[in-house]
Amino acid sequence: MPVTMTDSRPGTGTGRRLRDRMPVEVGALGVLALALAVLMTWPALAHPSRTIPGDFGDPLFFAWEISWYGHALLSQIGHPFDANAYWPLPHTGVFSDTLLGLAPFGIGVSDMGDALVRYNVAYVLASAFNFAGAYLLARQLGSGRIGALVAGAAFAFCPWRLSHAIHLNILVSGAIPLSIALLLRGNGIGRRGVPRERAAGTAFQNAVERSVDGLEVERRDMGDSVLFILR
């Protein structure tokens with residue numbers, strides 16, 4: 001039986017078709033990620049100026065921290081960690097986990113209600129970014145859309161992450177899978193290659209076997225299940 005080989009490298013017909021479909025998929029991903037994030041963090045955006053997700057501890061501290069870094073960008077860009085907390089001690093901004101990367105959200109904060117609005121927007125976008133980053137990494141590793149959706153949901157909304165809903169410094173981790181996906185894509189690695197699917201399946205089953213104590217995990221069945229999801 002004759003076999004037809006296809007080439008998915010850039011510049012070929014298959015590669016062009018993949019590039020043509022990508023903007024549509026990424027756009028749909030953005031809408032879905034935002035919708036899921038709003039739903040899973042509700043009612044953070046229902047009344048953002050008077051809603052504090054979780055408790056009165058860490059969320060209020062992070063709201064202040066984002067506001068401070070936004071202020072520092074405009075007034076003391078060379079010394080962002082010399083915060084007004086514990087003044088006149090220097091570098092008090094590094095006494096806790098820094099959210100310097102979220103400084104743009106804090107530019108122009110006028111009062112506490114405004115600070116809460118900025119915090120809640122960052123809080124919701126963090127979940128959306130986590131979902132999108134994990135989805136894109138799974139797609140780059142060879143997963144189909146369904147498998148990538150499962151990966152995105154597992155990364156963004158797993159019980160462990162939901163238990164840290166008050167820790168924005170933990171929630172803002174979507175750049176990790178996204179960076180890996182872009183690194184792989186930039187080096188031409190992945191994207192529906194069968195060897196990548198097998199490697200992903202092997203890595204997954206090894207992780208499960210090491211994390212499950214006392215359970216007999218059948219390697220072959222686990223690998224077949226992962227390959228089915230990826231395809």
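Using N, Cα and C of the backbone, Cβ positions are placed for all residues, glycine too.
In TrEMBL, the feature transmembrane segment is placed on 168-186, out of the ranges 149-167, 168-186. Long-range Cβ contacts of the transmembrane segment (26-45) within its own chain (Cβ-Cβ under 8 Å, at least 6 residues beyond either end) map to 51, 53, 120-121, 123-129, 131-132, 135-136, 152-153, 156-157, 162, 165.
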